[in-house]
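Asker: Sharing the feature lines straight out of TrEMBL:
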type	residues	note
ACT_SITE	C419	active site
COMPBIAS	165-184	compositional bias 'Basic and acidic residues'
DOMAIN	694-858	domain 'MOSC'
MOD_RES	K259	N6-(pyridoxal phosphate)lysine
REGION	156-184	region 'Disordered'
REGION	520-546	region 'Disordered'
Amino acid sequence: MDFSRLCTLGTFREVCTHYGYSGNLEDLVQEEFPRLKGVTYLDHAGATLYPDSAVREFSRDISRNVYGNPHSHNPSSKLTHDTVDRVRYRILQHFHATPEEYSVIFTSGCTAALKLVAEAFPWVAPTAAEPGSLFCYLTDNHTSVVGIRGPASAQGALPLPVSPRDVEGRARDGAPGRDGDRRGACQTPHLFCYPAQSNFSGRKYPLGHARGIRAGRLYPACEHRGRWFVLLDAASHAGCSPLDLQRCAADFVPVSFYKMFGFPTGLGALLVRNQAAGCLRKSYFGGGTAAAYLAGENYFVPTANLSDRFEDGTISFLDIIALNHSFDALQRITGGMDNIQLHAFGLARYTHMLLSSLCHGNGRPVAQMYTQGQFESPSTQGAILNFNLLDCHGHIIGYSQVDKLASLYNIHLRTGCFCNTGACQHFLDITDQAVKKNLQAGHVCGDSIDLVDGKPTGSVRVSFGYMSTFDNCRSFLNFVADCFVEKPVRVDQVKLENLRQTQTAMCRTSNQKPLIEPVANEQGDETRRPTEPPLDEYGGHSSVVDTSHPKSPYTLTNIYIYPIKSCAAFEVCEWPVGASGLLYDRSWMVVNSNGVCLSQKREPRLCQILPQVHLSSGQLTLRAPGPNVHRCCTQNISQTKHWMDNLLVPLESLASLKTSQRVCQSKVCGDRVETVDCGAEAATWLSDFLGEPCRLIRQSPDSVRDGKKRLKTGASSAVLSLVNEAQYLLINRASVDLIQEQIRSRQEFSEDRQPLDTQNLISRFRANLVIAGVEPFEEDTWSQLIIGNARFLVGGRCERCQMICVDQDNGTKTKAPLLALASCRTGKLTFGVYLSRQVEKNSPPASTLSVGSAVLHRTSDPSL
């Protein structure tokens, strides 16, 4: 069976019959989640989505009722208190617990609940007579759980990381508990933490571990005497799976409500087993937590109610009331968590089945999957897939590249290590030393450095929710096939059938036939983790000027400045060089009403604002098409006949700016910069054009940005304007020609046959300097340049995003440029190189750059 047929709803239903709920799922999504139109949302493990009806009912509720502070005793406060108590009961009911067994403490989130346990647990330092407390945690735990070791260590407890293999090895061996009298002789409190479901891989851990640890039958409790408590992190699990605390009976269970309902955010809870509540201690006391205290004496008696004792100050009572409507909507739409679990697991399992079987045209696998099993059952695996994609040579494709292309297809997924370093190290085979080495190489948690020395620093995660549809599954699989599979697309039929045979009884039908006929796998079942050869390093030692190439010399063919960040280019033949780059390049930017810089990623119509700098008259002129023209975003700017009145902005001396205009703060690429507002006339003109309130601001003369931390040139610090990374960006026409060839080649297999000429492509890359080179991407190996009498250091490659998909003539978007770039580059999606001006002592100052100037370069020598 070919890939296209496998990506059909009919084939999916042959494999798993548990899809959707009582009504038509697609109609339900259209009614409750209309904002998802055109969006493939696959990050439910990060945050699920709220239905419109829940928000409407909550809005109607707070519009009709007066909810006061629950610490008061007036009628509105009493209503709040009673409603909050009702929500507490519904939470316990949802997790199959009773108020006699558990108490609910509201927190600002799951992390706050974990911090509460960390600070309130009675850690004991070791003495000569008794051992100290142990803080034990599975290595497959969220960062917020591992972070408990900070407060624990500070109070003398010993952190003890435990691998899942250790705990389960003891469980399989049936290790007996210690003698009761011997256990009773030591009351040192220990804490063991594990997740109900891994947020990295979706692996579900046995809920019975809680009883096994407390009874001393499982490791580490079986080898360390004392009184054991268990914390079960349910944040990831509770989103798509039922949790029965009758079966688990963990002492502490933190949950996050936005992962369950999508709304409200900023609200979580800690469920505390009442038998364990007595061990918790706290030093700080806030409003509402005291039975009595004295202001002039160190006297404080906490309230008897556990929830009140630990909820310092006024709780977020309106958010808590919103939970009532979230519970109602969840039950009304799905019928309960059991239905959600079957639905989400079926989608995840089918996606895993196809992605695991997908092959390149040469038979090599497309994905390296990171799972403990093969999605046999929803009792052992959640609706999460974790993987890295492989190219046709078996090299890992960096997760940043996958993320960028997914955004191009409006597919929302997550990349990195997902705040779970332990699982990331395990599945990706990253050693402790490698983590430290990666940090020295500049990689930190949450950044886009996806490969270091060819080895992955993270992975890709897709996760499903109760409103996910098969169309989400199909869109994702087609995206992978379109962007990352060397054609023709192949499917490992043997592996596909083997995975299908692992299905559980819940997905089988008695007369079900094999999905495919087994076919021999010509390439075998090799899916071991590959190692990608490292990318070249640039900017180190350099050789002499390269004169060995027999072809014509390199020349500067185009100069572009971009006076207003993210607006259209202004092409010149000759232009002055300033302290921070080409004079007036990215000196202004457009910000929204909140002071946030607008870019073409969010507002592609910025490309239709045409700035021109007139040095002789000392003015910046802004032109733009009229409202009826620019809003359609289809007509080329060169064909526009109706224009707005020009806006004139003076190029007054920087010294006078701060005294004449309002000074404000803004940010560019994480840097805080001081800017000057250009006034009401400019704000009105831009607001009229874009249809939303915005203002034009200019970099203040006192705002100095240092580019040294970005570009590893080893040179003295370069002063930056409002650019993202460097003073100059250079591209090579030979590289542009290669991208154009790739686009034409891809269009032979695509319905999109619209040609993109060379000038159109050049404008998309928004470079300052364009040269006529010889070989595509040879600029990547250069370390220094001389253009005319100006010297430049190469500071690295420019990493590209979906901005190059914006047609600079009309603001429309096409996927072709980014897909073509991905097809001819390994590793990062880079195009062009950053330059910084090299100013040496006794060297003549470069006053201008001119089109037609010769370009000389030095090439990095990797042997040095």
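In case you wondered, yes, glycine gets a Cβ from its N, Cα and C as well.
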Asker: With every protein chain in view, how many other Cβ atoms are within 10 Å of the Cβ of C419 (active site)?
Answerer: 18
Asker: Count the other Cβ atoms sitting within 10 Å of the Cβ of K259 (N6-(pyridoxal phosphate)lysine), across every protein chain shown.
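Answerer: Here the count is 25.
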Asker: Can you work out the mean pLDDT of the predicted model over the domain 'MOSC' (694-858)?
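Answerer: Mean pLDDT, the domain 'MOSC' (694-858): 85.
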Asker: Rounded to a whole angstrom, what is the C-alpha distance between K259 (N6-(pyridoxal phosphate)lysine) and C419 (active site)?
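Answerer: If we compare the Cα positions of K259 (N6-(pyridoxal phosphate)lysine) and C419 (active site), the gap is 15 Å.
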Asker: Would you mind pulling the DSSP three-state label for C419 (active site)?
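Answerer: The three-state answer is coil.
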Asker: Could you check what DSSP calls the residue listed as 'N6-(pyridoxal phosphate)lysine' once collapsed to helix, strand or coil?
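Answerer: DSSP assigns the residue listed as 'N6-(pyridoxal phosphate)lysine' to helix.
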